[in-house]
Amino acid sequence: MISAEYLAYRIGTSTAVLACVSVLTFGMMYLTPGDPARAVLYHQTGQQPSAEAVAAFRAEHGFDDPFPIRYWHWITDVVQRDLGESYRTGRPVSTMIVDALPATIELAIAAMAVALVIAIPTGVASAVYRGTWIDQASQLFALVGVSMPNFWLGYLLIIVFALHLGLAPVSGTGGLSHLVLPAIALGTGMAAIVTRLVRTSMLDVLDAEYVDAARAKGTAERIVVYKHALRNALIPVVTVVGLQFGFVLNGAVVIEIVFQRPGLGMMLVDAIFARDFPVVQGVVLIVAVLFVVTNLLVDLSYRVLDPRVQFGGEHA
Amino acid sequence: MVSRDTPLLSVENLETHFDTAVEPVRAVDGASFTVDPGEVVGLVGESGSGKSVTARSIVGLESPGEIVGGSIRFDGTDLTDVDDRIRRQHRGDRIGMVFQDPTATLNPVFDVGEQIAEALRIHDVDRQRLTDFMHVPFVSDRQAWRDHRERAIELMEQVDIADPGSRAGDYPHEFSGGMAQRAMLAIALAGDPDLLIADEPTTALDTTTQATILERLDSLAATGETAVLLVTHDLGIVAERCDRVVVLYGGQVMESGPTEQVLTAPEHPYTRDLLECLIDDAEPQTRLSTIEGTVPDRFDEIGCPFASRCDYATAACRTSDPPIVDPGPDHRVVCGELETVPDAHVMDGANRSTRSEPTDGHAGSDRPPGNERERRVASASRTGDGTAAILAARNLSKRFETTDSWVDRLRGNRRYLDAVEDVSVSVERGQTLGIVGESGSGKSTVVDMLVGLEAPTSGRVELDGNPVGTVADRSAEQLAKVGVVFQHTRGSINPRATVRDVIAEPLFESGWDADRRTDRVDELLELVDLSPTHADRRRHQLSGGQLQRVAIARALALEPAVVVLDEPVSALDVSNRAKILNLLLDLQEQLGLTYVVVSHDLSVVGHVADEVLVMYAGQVMERGPTETLFDRPSHPYTNALLDAIPSVSGDTPAASLPGSVPSAVDPPSGCRFHMRCPLAEPECRSETPSMEAVDDARSRCHFASEIAADSDDDSEPLEHISPDTFS
């Protein structure tokens, strides 16, 4: 079983990773060209701000302090769940994230679902019917899927299904119908990668002696494939799917722009253009937290998937 | 029901081919044989003779091969002529199968109980629904699931798995090899089959465990309900367990008939060669006979497949198919030159060394077949307490900590595993020390400490009389002095490296330049009888015997004085085993090497070693000169190991040793062996015996001298070892 000790160890290392991420995100903003004070004031007033106004803004937000001090102020607030306020709107960043996060998570999960629903059966069929047209077709899909940029696929889907066929709304949020096209646009690339992985993993497992042993019992081929082989083949797949979740969040940023879906992605892009640093830092940090937590969950899920994995003990 | 008059299984002219880019490999090429109801038939041959593919073809697991000809009649149905569904229904239901490596044949992600229950479920349902097999909540039949689980536990009990109720929930990696093979047997028996096919069921197991599994198969056949097709390369097993034997080579049957007849009066040259490879009656430390050449990848389409390796082959053997001869009732031999083959000799060992010609090259072919041992033993100090010892261990102990969490550690709840306790050994220059014991006896840990891969918890290792630490502390000179051949040869060789790179690695590490490396590798290849063409091959292009030679060459690269060999032949078939043992003996003579040979098989150790150390549960049970241990064992465990060796010339089958090595975390009180000892008295449970001298051996048993005296005047329990061999 997963010991409390192992959990403590993993949470410790995860925290260390997040600490590094926080320094990097904060530092990157520091190095970005363009003075946030000017950008924000320009945005608010619509004209070039006066030198006094800029100086006042910089003083108010502590821009003139040295980096370690600024970082210290920011991080001590962050651990108290205060991500600061947006320079532009003055709204707390945490509130903004809480508002935008569900839409992005919804998109990411839908995309993952699309990817897995396509990839697992395709990958399995590809391995089972190795060398046949089914295998070739699925390999072709994997190649095309992985080569296609998701924003391009997004526009393609909008043109075909929303504009020409009128089967789905072009953009915005709402019910399930608003989710279908973005999820497909985002999920296809991942589906392609996972298909290839499931295929390779299944081919390995289908060669294993225990698969023949299962057949020797008189087990129907369907059960051999979906119970005995797939369960083992999914072990490496889970790692990659977990890692891919980070890339899906990444892709969600682009897809949210393409489909004009409000979410973390749109929030981030707007904030970057406006030099709205607290928002950018907050979003990046939250994405990093999601990424680290997903990976932790993936590692812990090994214990469930693979009884041979032991955590924390010296002897397996 | 099965009719008693006709064969249960009749394989006729079976041809199973594997497609390759060049031309198909004819793995099974016209094999024919039958199995009667309730009969035990042995299917024997070297690795690559087609026996496994034949067995797998019967159950329809020949893929990626393809059955291209012949028929497999099982109880009236031709299995090559029915659709996949019917074939599948025969699997498990009518024909059960047990495979070679039990740890690889159980699915790692399901508990053992589930895997047995599944086999039961298959036979209870007409249609196999995925949901029932995946245990989907609310959809699957929970009651049926519980029933099958209960019956699975009953089956586990039937195959002698202790505490089946709790072990059913264990996963395969928590099972020992022997236990896992029992679980496989339970699966195979779940459908109450008429035929059980066992494909090398004990090759991966200890000798003592082997006997237990074979006894189980025997008792199964004894009920008359189940026939057994036993696929093996070991004729000793066939001699003891089979009613009839079928000898396969090149995918064709060379000889078949009643075991007694085939093994005592073998007709076919191949059968004779196989028999002569056995260590059985061979003079210790002499060359064993081998079969010339190796099994080729492809055989010619016409002619006898064995012609290329046969001593009696004529031009006719190569150009036309050999005739079938019937030398006796139910005895068939496929050979055209039986007249020229000298009369079948009785396998009494008399003719043995006369026809043993070195087949693999130059090394030591002029070695006299005489009594090597006597000479060497005479020159050596028998006590081995080590003034002249080149490698010695003084009171070695190794304790591993198994405390799982640091919370427990802080609380002081520490748990330990004493893998090795107070072991002292020494080996003198030019001598061979054998270490023998079952899995879990601690022999590999002793080896790890000797070669410096593990640091002893207490005690020390001495090389040339100087204390040495682990590999990190040893000087280059000390490192070069000890060569190691690791247990799983295939795993110890980098799959991407060429043979040349593998052998040159130790040279590279000690800074030899490229030219000298090339020369040395060429020299080493010659030394181990590999041709220069092997230098550019990689792991997957080599046979088991060739890989072992590469591993030996690597161990010899830096001209070591001592070579430590961990199970050097346990993965090899009889003919390769004989060749590697011959090679080792030749190299020892040629280079004056000192060996430490570790094996679970006492017959191997007995053949090569001057002194033997018998280990059990981390302790030495007995140690002494090899003859003494074989002739007058003074410990019941040594007795049990001797009794477990299958033998062609024995009258009584190998005896099993019930139970298994106890856990080192919680060792038994008193004598470690008392729980499995047939002679245990109450005092054995409470008092730990110390090492007592019995003649020139030392034994850790309260009754050591009685046992030794007993085995001296009453040779009954040791009869199959043929005491005269050692006299």
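Backbone N, Cα and C atoms are what each Cβ position is placed from, and that goes for glycine too.
The annotation transmembrane segment is assigned in TrEMBL to A:7-31 (among others). Within the chain carrying the transmembrane segment (A:7-31), a Cβ under 8 angstroms from the stretch's Cβ atoms is held by residues 67, 70-71, 74-75, 78, 277, 280-281, 284-285, 288-289, 292-293, 296, 299-300, 312, all 6 or more beyond its ends.
Here TrEMBL flags A:101-298 as domain 'ABC transmembrane type-1'.
For A:107-128 (among others), the entry in TrEMBL reads transmembrane segment. Only residues 6 or more beyond the boundaries of the transmembrane segment (A:107-128), in the same chain, are considered here, and those with a CB under 8 A from a CB of the stretch are 134-135, 138-139, 141-142, 179, 182-184, 186-188, 190-203, 206, 225-226, 230, 233, 241, 244-245, 248-249, 251-252, 255-256, 261, 263.
Annotated transmembrane segment per TrEMBL: A:140-167 (among others), in sequence order. Sequence-distant contacts of the transmembrane segment (A:140-167), counting only residues of its own chain at least 6 positions beyond either end whose CB sits under 8 Å from a CB of the stretch, comprise 122, 181-182, 184-186, 188-189, 191-193, 195-196, 199, 251, 254-255, 257-259.
For the transmembrane segment (A:179-198), same-chain residues at least 6 beyond its ends with a Cβ under 8 Å from one of its own Cβ atoms are 106-108, 110-116, 118-120, 122-124, 126-127, 138-139, 141-146, 148, 150-151, 153-154, 157-158, 161-162, 168, 233-234, 236-237, 240-241, 244, 247-248, 251-252, 255-256, 258-259, 261. If you look up TrEMBL, you'll see A:179-198 (among others) marked as transmembrane segment.
The feature transmembrane segment is assigned by TrEMBL to A:233-259 (among others).
According to TrEMBL, the feature transmembrane segment maps to A:279-298 (among others). Under 8 Å from some Cβ of the transmembrane segment (A:279-298) lie the Cβ atoms of residues 10-11, 14, 17-18, 21-22, 25-26, 29, 74, 78, 83-84, 86-87, 93-94, 96-97, 101, 238-239, 241-243, 245-246, 249, 264, 267-268, 271-272, all in the same chain and six or more residues away from its ends.
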